[in-house]
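Data first, discussion second: the structure below is written as structure tokens.
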Amino acid sequence: MGEYIMTLDEGTTSARCIIYDRVGNAVSVGQREFKQIFPNDGWVEHDAMEIYSTQMAVAQEALLKASLTYRDIDSIGITNQRETTIVWDKETGRPIYNAIVWQCRRTADTAEWLRDQGYSDMIREKTGLIIDAYFSATKLKWILDNVKGAREKAKRGELLFGTVETWLIWKMTGGAKHLTDYSNAARTMMFNINTLDWDDEILSILDIPRVMLPKPVPCAGDFGETIFELFGGKLPITGAAGDQQAALFGEACFNEGEIKSTYGTGNFLLLNTGNKPVYSSSGLLTTIAWGLNGEVKYALEGSVFVCGAAIQWLRDNLQMIKKSSISENFASKVPDSDGVVVVPAFTGLGAPYWEPDARGAILGIKRSTKKEHIVRATLESIAFQSDDLIKAMEKDLGRKITDLKVDGGASLNNFLMQNQADISDIHIVRHKSIESTSLGAAYLAGLASGYYKSIEDIIEIKDIDKEFYPAIEDEERQRAKAKWHRAVEAVLALAEDEEF
Ligand code: ADP
């Protein structure tokens with residue numbers, strides 16, 4: 001039994017491999033970017049062969065850097081960009097088209113057609129998702145419709161479909177295993193999250209042959225063994241989960257009512273809703289968190305489109321700050337934002353507002369306004385937007401959420417975290433390692449292999465870096481939130497104004 005766990009973290013722009021020791025320290029990291037392909041306006045593709053070769057290269061690199069061999073590795077866990085769609089030939093092992101990336105909008109028309117046909121409620125009930133081109137189903141249909149002869153070949157069982165973890169597992173096991181884990185399957189918009197199986201009605205509407213789909217399995221378990229040639233010996237793959245769900249697991253949000261927020265370029269919030277799917281009244285997505293030990297946990301998911309991106313905007317466009325981290329010093333130099341509210345709706349507003357036409361605004365500017373106030377108000381806007389999602393989740397869950405686990409680059413900003421604790425009246429925990437996505441994959445793999453005996457082992461090894469407690473009166477909180485909501489209303493009103 002090896003002393004380390006290897007995680008493969010296949011992201012949207014780069015592949016990473018992190019090797020962890022028993023207490024969750026990263027002992028080695030390999031990382032490489034891969035090509036982004038933009039064949040048309042709004043289209044995004046990756047070369048699936050490059051995804052595989054890059055991922056294998058960083059795995060070798062991480063082993064080499066730490067002078068480890070396959071014998072030192074207990075098991076492999078995989079986490080990945082979700083929804084990205086790959087179709088390949090079972091015989092040759094080669095993709096028949098580039099991977100269509102989650103960001104790709106080419107199938108927006110198909111999504112609209114599905115909505116026009118009145119399938120929204122059915123798809124929502126079965127998959128937990130709101131019909132969108134983002135999810136795999138319409139992308140898979142596009143490949144079958146547009147690559148010559150693809151549908152016939154697929155029907156004859158000659159083609160296979162997979163999201164990225166499925167593809168990596170199939171390649172790494174030499175084609176022995178064609179599997180997807182529940183958390184990734186739940187993002188395809190053709191997987192029934194209640195029955196844990198592909199949905200024949202949706203498959204038939206989109207004319208997708210079931211025979212090409214991988215077998216859905218829990219996130220911790222037997223995903224096969226790597227072929228000998230990869231590492232000079234076989235290694236078991238025992239964990240897989242989509243990136244956001246892996247992060248929820250990595251933050252040890254194992255119980256109902258536990259929530260994590262990843263403050264990256266955008267901000268992803270996931271709430272563990274326990275053994276039952278909860279359907280949102282605010283347009284949040286219902287998804288599978290993970291399958292583990294014969295149980296399935298569900299989650300509510302919401303995202304803020306612009307989080308760290310607003311700080312990048314201050315840095316790169318407005319040139320108010322030189323480094324993202326300096327925003328904290330700027331914000332702390334002034335006692336408040338002097339009445340300024342920033343609504344960074346650069347690309348519209350998501351949940352709970354859902355207004356794609358909204359655009360950003362800086363309100364309440366006075367003669368006394370300084371850049372420190374604008375920087376501070378921008379950080380505050382991140383907390384306000386996250387709070388709107390937390391409140392929507394509380395409504396759906398039917399009770400108050402008391403604790404929030406945070407990760408992602410902008411979670412290192414202490415001003416922002418304190419502001420979040422104040423605005424949301426919530427206790428915040430930031431762990432020492434904010435690489436929760438990779439850690440989640442390592443934990444899943446380790447639990448399945450017996451490296452970790454139980455989730456209690458994991459809770460024990462999670463070290464806290466810093467905690468934040470709410471420190472303002474409720475009256476002040478409500479006043480600040482009311483002001484934010486009035487600013488959002490102004491932005492929403494302008495979105496209605498065609499002349500603007
Ligand atoms: P992603 O994985 O989405 O690329 P990261 O988790 O690496 O994002 O976080 C990077 C984002 O966080 C950037 O948008 C950056 O501007 C922002 N960021 C990083 N450090 C800080 C900080 N100390 N304060 C505020 N924002 C920060």
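Cβ coordinates come from backbone N, Cα and C, glycine included.
Site annotation for glycerol in TrEMBL covers ARG82, GLU83, ASP243, GLN244, and the matching candidate from TYR134, TYR182, TYR298 is TYR134. Per TrEMBL, the ADP site holds THR12, ARG16, THR265, GLY409, ASN413; the candidate it also names there, chosen from GLY221, GLY224, GLY308, is GLY308.
In terms of C-alpha distance, the listed binding-site residues THR12, GLY308, GLN312, GLY409, ASN413 place THR12 closest to ASP243 (sn-glycerol 3-phosphate binding site).
Taking the centre of the Cβ atoms of THR12, ARG82, GLU83, TYR134, ASP243 as the sn-glycerol 3-phosphate site, the nearby residues of that chain (Cβ within 8 Å, site residues left out) are ASN80, GLN81, THR84, VAL101, TRP102, ARG187, GLY242. Ranking the binding-site residues THR12, SER14 by how many other Cβ atoms lie within 10 angstroms of each Cβ puts SER14 at the bottom. When the alpha carbons of GLY308 (ADP binding site) and THR13 (ATP binding site) are compared, the span between them is 17 angstrom.
With a cut-off of under 6 Å between the Cβ and any atom of ligand 1, the binding-site residues THR12, SER14, ASP243, GLN244, THR265, GLY308 reduce to THR265, GLY308. Note on proximity: of the binding-site residues SER14, GLU83, TYR134, GLN244, GLN312, the one nearest GLY409 (ADP binding site) is GLN312, by Cα distance. Look at the Cβ of each of the binding-site residues ARG16, ARG82 and count the other Cβ atoms within 10 Å; the largest number goes with ARG82. Using GLN244 (glycerol binding site) as the reference Cα, a 10 A cut-off selects ARG82 from the binding-site residues THR12, THR13, SER14, ARG82, GLU83, TYR134.
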